[in-house]
Amino acid sequence: MTPQQAELLCAAVTPSAVKELADALRCDRSNVTRLVDRASAHGYLSRRGEEEDGRVTVVELTPQGERLAKRFLEVLEAQTEALRAAWSANRAAVAVEVLNEISNSLDAAKEPARRRRKRFSP
């Protein structure tokens, strides 16, 4: 399993539309669709149409996917806890601040590209 597939399973802990998953994973919907296709083929995810809008595909974890996502999240939490234990509270706060700034910058840089793409779409 690739890191992107593991991230998808963790993001899909609650049933989510493909668009929501794309936003959470910071990637294009077509990429998420391919990831969902592979995870579905392995039995980790299932899809269904949204009750209110059948055009929207909702992705949910299967029991097998839930077990795997839980395991990934436990490993991530253990790694995060190890970092917290090794760093002072001040250092951890600075790291969180820097990572949030990077995340916000990436989001801001992506927005103009999305607008350009939409503007030139047929």
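Cβ coordinates come from backbone N, Cα and C, glycine included.
All TrEMBL annotations are machine predictions without curation.
Source: prediction; values computed, not measured.
In TrEMBL this protein carries:
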DOMAIN    1-104  domain 'HTH marR-type'
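The average pLDDT the prediction assigns to the domain 'HTH marR-type' (1-104) is 91.
Secondary structure of the domain 'HTH marR-type' (1-104) per DSSP, as helix, strand and coil residue counts: 70 helix, 12 strand, 22 coil.
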